[in-house]
Amino acid sequence: MTDDVILKISNLSKSFGPVRALKGVDFELRQGEIHALAGENGAGKSTLMNVIDGILQPDSGEILFDGVPVRIASPAMAQKLGVGFVHQETALCPDVSVAENIFMATTNASRSLLMNYRTLEQKAAEVLGELVDINPATLVRDLSISHQQLVEIAKALTLDCRVLILDEPTAALTEKEAQILFRIMRRLADKGISIIYISHRMVEIFDNCDRVSVFRDGQYITTRNVSEITPDDVVNAMVGRVIDELYPRKQTEAERSDEIILNVRNLNERSRFRDVSFQLRKGEILGLAGLIGAGRSEIVKGICQLEGEVSGEVALNGKTLSLSSYQDSIAEGIVYLSEDRKGDGIFLDMPIAGNVSALKPEQVANGFGLILRQKEESQAEALGARLNLKYGSLTDPVSSLSGGNQQKVAIAKMLSVNPKLIFLDEPTRGVDVGAKAEIHRILRNLAASGVGILVISSELPELIGVCDRVLVVREGRISGEVTGDRMTEENIMHLASVGGAQAAIQ
Amino acid sequence: MRETGLIAIILVLFIVMSFASPYFLTWVNMRAMVMAFAVEGIVVVGMTILLISGGIDLSVGSVTALAMVIAGWLFLNGVDPWVASAISIAACTGIGAFMGFFVTRVGLHHFIVSLAIMVIARGACLLGTGGRPLGLFTLPPEFKFIGQGSIGPIPVVIIIFLAVVIGFDFMLRRTTLFRKVFYTGSNEKAAAYSGIRTKRVIFFTTTLCSALCGVAGIIYMARFGSAQPTFGIGMELNVIAAAVIGGASLKGGSGTIFGAILGAVLLSVVSSSLALLDVSVYWQDIIRGSILLTAVSIDHYLVKKRA
Amino acid sequence: MRETGLIAIILVLFIVMSFASPYFLTWVNMRAMVMAFAVEGIVVVGMTILLISGGIDLSVGSVTALAMVIAGWLFLNGVDPWVASAISIAACTGIGAFMGFFVTRVGLHHFIVSLAIMVIARGACLLGTGGRPLGLFTLPPEFKFIGQGSIGPIPVVIIIFLAVVIGFDFMLRRTTLFRKVFYTGSNEKAAAYSGIRTKRVIFFTTTLCSALCGVAGIIYMARFGSAQPTFGIGMELNVIAAAVIGGASLKGGSGTIFGAILGAVLLSVVSSSLALLDVSVYWQDIIRGSILLTAVSIDHYLVKKRA
Amino acid sequence: DGLKCEPGETYIMNVMVSGHPYWVPVYQGFKQAAEAFGCKTVFSGTPDYDITKQIASFEQDMVKQPAGILLHPMQADPFIEPINRAIDSGTEIVTFAADSPKSNRTSYITSDNLAEAKFAAEEIVKQVGDSAEYAVLENPGQSNHDLRVTALISYMEEHYPNMKLVGRQATNQDSNAAYRATGSILQANPNLAALWIPEAGSAEGAVAAVLEAEAKVLIMHADVTPTTLEHIKAGNIHMALNPNQGMQGFMGFMATFLAAHSDVFDPFNDYKVSGYNPVQIPYVDNGFAVITKDNADSFDLNVYMEGRDPS
Ligand SMILES: Nc1ncnc2c1ncn2[C@@H]1O[C@H](COP(=O)(O)OP(=O)(O)OP(=O)(O)O)[C@@H](O)[C@H]1O
Ligand SMILES: Nc1ncnc2c1ncn2[C@@H]1O[C@H](COP(=O)(O)OP(=O)(O)OP(=O)(O)O)[C@@H](O)[C@H]1O
Ligand SMILES: [Mg+2]
Ligand SMILES: [Mg+2]
């Protein structure tokens with residue numbers, strides 16, 4: 001890292017109608033540093049990045065690149081300036097191969113008339129090799145959301161850039177992939193490339209970044225060297241107060257119950273998982289860990305009949321279920337929060353209130369099936385307040401919310417129906433620390449009141465902090481279970497990657 | 001409101017026209033103008049709902065014609081006209097269900113399924129009539145009343161039209177059933193993940209659109225006292241255009257009945273005005289297309305500005 | 001390959017037909033069948049590329065007719081036919097650019113813009129001809145050659161058609177320029193984030209489609225020795241249907257020229273077969289629509305099964 | 001022996017928009033004539049309004065080597081080459097209702113649209129006087145309909161300069177469009193006295209609009225449908241001029257058949273050296289019928305078709 005400032009932003013503002021997303025912010029990026037951005041959901045981080053990448057135009061303010069004022073009119077222009085960007089929401093072409101997606105910008109800039117698919121795929125395999133094993137010829141539409149995120153990262157790494165922006169790249173990544181990414185980031189930084197890194201995971205910021213800038217409500221608060229401050233300071237600057245406890249109290253030995261809410265036996269799916277058996281007891285929060293592509297999501301989707309042809313036995317509160325569709329599952333009180341929020345979690349173009357009520361619009365309707373707008377809005381308002389949702393108006397489309405706030409809408413939708421059993425797939429992806437703690441508290445309260453809670457998360461500290469018991473999935477099988485003191489990152493990683501054959505580690 | 005721009009454009013047209021022609025702002029002309037799109041407006045309602053759910057239907061013209069042919073043929077073969085109409089509407093509903101089957105079960109695209117049905121239904125019209133229009137002059141007066149009669153000064157056709165429009169507009173805005181149509185069209189996968197039986201929803205909207213074509217066909221039959229196998233050729237483009245002008249998205253998820261009807265009004269006012277001003281037929285298409293393009297651009301500009 | 005299913009279906013039709021009619025597998029019949037879609041096939045190429053980029057064009061029939069009318073009118077007014085053709089193709093390209101402007105700059109949807117242009121271009125045809133076909137019998141033989149001549153046993157039309165198809169198929173598969181068309185259609189935002197000027201791409205595909213309509217119009221003129229203002233009514237549905245049958249998505253992002261041409265072949269074989277078998281005209285549409293629906297369903301099933 | 005068909009000798013009638021009712025009585029005339037000579041007939045063409053498809057169907061007819069084809073060419077010039085090719089390969093071609101005059105077809109059978117227009121003009125003047133307002137509906141681009149309209153207008157201009165043309169709307173055979181357009185014309189012209197419509201589809205819509213507006217307008221149109229027939233009986237439509245389709249088909253067959261059997265005839269001309277078919281009949285007028293209240297019953301096509309095979 002040097003002290004040369006490559007990018008300097010001063011007094012920049014940006015509004016969306018009445019929403020003032022950025023209010024005169026300043027920001028400074030030095031050559032070769034890894035610079036973290038922290039801030040609550042809706043603080044304006046992504047908006048600032050979109051301005052730097054030329055996707056959005058600021059209302060006022062100045063951008064200096066190498067000390068020269070620039071107007072970045074389009075992503076193409078940003079590219080010419082050497083800006084690379086991994087978006088918070090993946091933006092890939094589903095009908096096109098992984099290799100072509102990775103090299104889309106290169107193809108665009110290339111002078112050559114013809115495509116050379118062979119070298120393209122070779123080079124793509126090289127870039128991907130370090131990250132994950134994906135065939136570069138597959139279409140992106142056939143990839144799971146986490147693999148898509150890796151492709152998105154690979155895409156940015158191939159850019160010959162001077163400034164690399166990573167907007168919550170690890171939200172859907174497990175520890176293993178995240179560590180690889182950090183290694184690459186460090187290598188790039190050493191080569192003199194400046195990296196802006198956005199994350200809500202404090203550990204990542206403190207382990208890997210050089211400096212951190214904090215934003216709150218569209219305003220720039222401060223920039224500090226990470227060596228000089230503590231995570232609590234950052235959270236305090238973000239939220240305006242110290243979050244006393246990140247994770248709620250766990251179940252005590254005494255509270256443990258033998259009552260079984262969910263009993264899964266010998267669940268099989270043709271190609272995706274085998275011999276899955278487990279139990280979810282009353283009052284506990286059960287976690288599901290595993291590497292990317294291990295099959296966690298598929299097991300859960302299989303149980304509630306969203307995907308696959310599943311055989312095996314599923315019993316809820318002692319009653320054996322014969323579910324043939326997700327509707328049956330909902331009718332039994334089992335709901336699933338999707339990991340792919342944009343793809344199948346929310347209705348981007350529809351109002352916030354309409355999104356929250358989507359699972360059961362009958363709840364906000366009268367006896368004749370007429371939706372009562374007031375009832376619908378007060379439902380959204382109440383759940384929104386619980387989750388600390390930031391919005392302009394409940395009639396605004398969800399697309400106008402920040403990524404983390406969209407996630408809160410998706411969660412609010414699930415909570416709106418008072419389910420008996422909730423599967424949450426990456427529930428806090430993109431959610432800020434404050435709201436995360438709130439969500440965890442809500443989950444704990446639900447569990448205590450008898451609702452079955454199963455959490456899939458790629459963030460091991462979260463699983464360890466929240467769950468009473470964690471099952472580990474490897475290659476479509478449950479490879480083990482950890483509880484109590486055994487619940488450590490090492491043990492889980494071990495079960496997820498190599499071990500597993502041995503019985504549960506008690 | 002999304003429709004303000006369109007209303008403004010239509011108002012401007014009205015003001016210009018009332019200066020340009022002394023006959024424009026007469027009761028009789030207004031009545032004629034509404035009559036000109038009222039029946040097609042019923043089809044516009046069905047199409048708008050289908051578009052919102054993410055579908056499209058090219059067969060509306062043929063199916064409307066087939067409704068006339070089926071009811072007319074039955075009537076000529078001694079069936080009571082009311083019964084014949086009911087059978088005919090049921091048959092159209094069946095056609096819609098057939099399309100719905102191909103879309104939701106076989107997995108084909110609405111476009112191609114409805115294109116095939118457009119051809120098949122037109123063929124059925126030819127077969128049922130031997131290519132000759134059916135003269136239904138002998139329809140009883142109480143039946144013709146639904147197409148030709150008036151209650152007070154208001155034609156029955158307009159009353160039916162208003163009832164359909166207001167009814168569906170209300171339902172689309174307020175009922176849970178139709179809300180699911182929006183969810184499905186906005187993001188089918190997210191709707192499925194919200195427990196909505198999206199295939200049923202699409203099946204429903206597809207069927208509803210054809211059923212409304214059936215209703216329109218019966219009213220046309222009562223109105224014209226005949227069943228023409230070639231009726232309604234090219235209707236689909238008109239109907240889709242009205243919905244799209246009125247703000248419906250071809251990608252699904254958005255649209256209103258009110259807007260779509262305003263779209264139909266706009267198209268109709270332009271046509272009427274050109275005829276009223278006796279613009280040369282060789283110029284009419286050029287002017288009509290240009291006004292359409294201008295109006296849509298202005299509306300787009302106004303909507304964007306407000307947002 | 002995506003197209004295997006279609007090829008199989010067409011082969012089956014061929015085998016059935018060669019048993020059903022002794023005339024089917026004759027050189028003359030094959031030639032007639034290819035001639036029936038060759039020129040339209042050039043428009044299919046333009047439409048497929050436009051569909052891949054996420055657009056659609058309803059004006060192709062009118063613009064093709066306008067190309068004939070412009071070139072014919074100029075020729076009758078003393079312009080050299082080759083020059084007249086060049087001017088006409090340039091004019092069509094201009095129309096495409098005009099549509100491209102409304103889509104990319106004003107922000108309207110392709111559907112509504114091309115619908116308006118469809119009406120305007122048809123009006124221009126009427127205006128330019130006074131509604132009467134232009135007789136162009138006096139076109140010089142070397143000009144007519146492109147529409148009526150043969151090189152060896154192969155009609156020039158078919159040679160041009162094959163050149164266009166093979167050329168664009170190759171370009172679409174292999175050149176960086178046309179890959180951007182796929183990226184833009186598949187996810188416009190993602191393409192834009194990669195620095196692709198997606199508006200330019202869409203402008204380009206819109207313009208290209210109209211330009212190819214111009215080329216087709218000139219060939220039609222040379223072939224028919226006349227310019228008919230009502231030419232090509234309804235062509236858009238045929239052309240879009242061919243592309244969609246061949247695997248192009250109306251949502252953009254996928255499609256191949258080869259598949260679209262197979263779609264056109266399928267439609268043409270079915271029509272020809274019905275005529276050859278003397279199927280009653282009253283049954284033809286029904287059978288045609290049903291075969292279309294069946295073929296598309298089978299193809300869909302085969303594709304899904306393979307995947 | 002003599003004028004008789006060989007076994008299997010086939011004559012084809014080829015048209016565009018083959019589902020249109022206009023062809024039905026034409027084909028009946030064609031068929032009845034053929035039966036009298038022991039010939040086979042086929043009704044062919046394209047259901048579409050598409051010149052390329054009609055040419056393809058014509059070429060497929062040729063493949064079957066029929067003795068003759070009675071052709072309604074959708075457009076004149078595009079058919080020159082196919083017609084000549086057919087004649088060269090031994091199939092005689094006669095055109096009807098639309099011509100391809102520069103081709104080598106031996107005959108052209110048609111109604112005289114000019115005569116129809118002239119008759120209509122005279123009848124209008126007779127009914128509403130020679131200084132009144134009139135309007136026309138039209139179908140630009142279809143030649144016979146165009147001719148009926150333009151000929152009437154120029155006839156009026158020439159002979160009855162006080163007749164004022166106040167409305168001219170394209171309705172393209174669409175009854176709904178005609179309904180709309182007529183409504184507007186009626187609004188703009190309260191003194192409208194007469195309406196001339198070149199085809200029956202538009203007439204259906206126009207009469208509905210006139211009845212609804214309770215206007216007193218003399219309606220005359222060409223062709224006929226069951227509905228307009230009923231309107232004629234009811235007095236809502238004054239009169240229809242219907243081309244004699246049966247005669248068109250009958251004479252069409254005769255001309256084709258005679259061309260194919262021209263060996264019975266040795267005319268006093270140069271046909272042997274020029275290579276032309278000796279049975280050349282440049283133009284046959286099949287005449288038209290005037291349908292009024294009094295004779296309307298004879299023009300019910302459904303009654304006529306009872307017990308007859310349409311194909
Ligand atoms: N297209 C838009 N239309 C309207 N408002 C928007 C739009 N995009 C963002 N906003 C608003 O701007 C503010 C900042 O959003 P931004 O996406 O920058 O937040 P963020 O810091 O990235 O949050 P997160 O951590 O949740 O991703 C939010 O209040 C959001 O609602
Ligand atoms: N739509 C799909 N089409 C094809 N393969 C898929 C699809 N979705 C998932 N897979 C594959 O199925 C396997 C299991 O995926 P799943 O999403 O269940 O894993 P996971 O453990 O939830 O991990 P993550 O969600 O983090 O990727 C992976 O190999 C994945 O690539
Ligand atoms: Mg963000
Ligand atoms: Mg997962």
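Quick reminder: no glycine exception, Cβ is built from N, Cα and C everywhere.
Lifted from TrEMBL, the feature list:
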TRANSMEM  C:30-51  transmembrane segment
TRANSMEM  C:58-76  transmembrane segment
TRANSMEM  C:82-104  transmembrane segment
TRANSMEM  C:111-131  transmembrane segment
TRANSMEM  C:151-172  transmembrane segment
TRANSMEM  C:201-222  transmembrane segment
TRANSMEM  C:257-276  transmembrane segment
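Sequence-distant contacts of the transmembrane segment (C:58-76) (same chain, six or more residues past either end, CB-CB distance under 8 Å): 43, 46-47, 83-85, 87-89, 91-92, 95-96, 99, 111, 114-115, 117-122, 124-125, 128-129, 134, 136, 139, 209-210, 213-218, 220-221, 226-236, 239.
Away from its own ends, the transmembrane segment (C:201-222) comes close to residues 39-40, 42-43, 45-47, 49-50, 52-55, 57, 59-60, 63-68, 71-72, 85, 88-93, 95-97, 99-101, 103-104, 110, 136, 139, 143-148, 157, 160, 164, 180-181, 184, 191, 231 of its chain (Cβ-Cβ under 8 Å, at least six residues beyond either end).
Contact between the transmembrane segment (C:111-131) and the transmembrane segment (C:151-172) is absent: fewer than three CB pairs lie under 8 Å, with pairs separated by 6 or more positions in sequence.
Proximity of the transmembrane segment (C:257-276) to the transmembrane segment (C:30-51) is established through 3 or more Cβ-Cβ distances under 8 Å for residue pairs spaced 6 or more apart. Counting only same-chain residues 6+ beyond the ends of the transmembrane segment (C:82-104), those with a CB under 8 A from a CB of the stretch are 55, 57, 59, 63, 66-68, 70-72, 74-75, 110, 113-114, 117, 121, 143, 199-200, 202-204, 206-211, 213-215, 217-218, 221.
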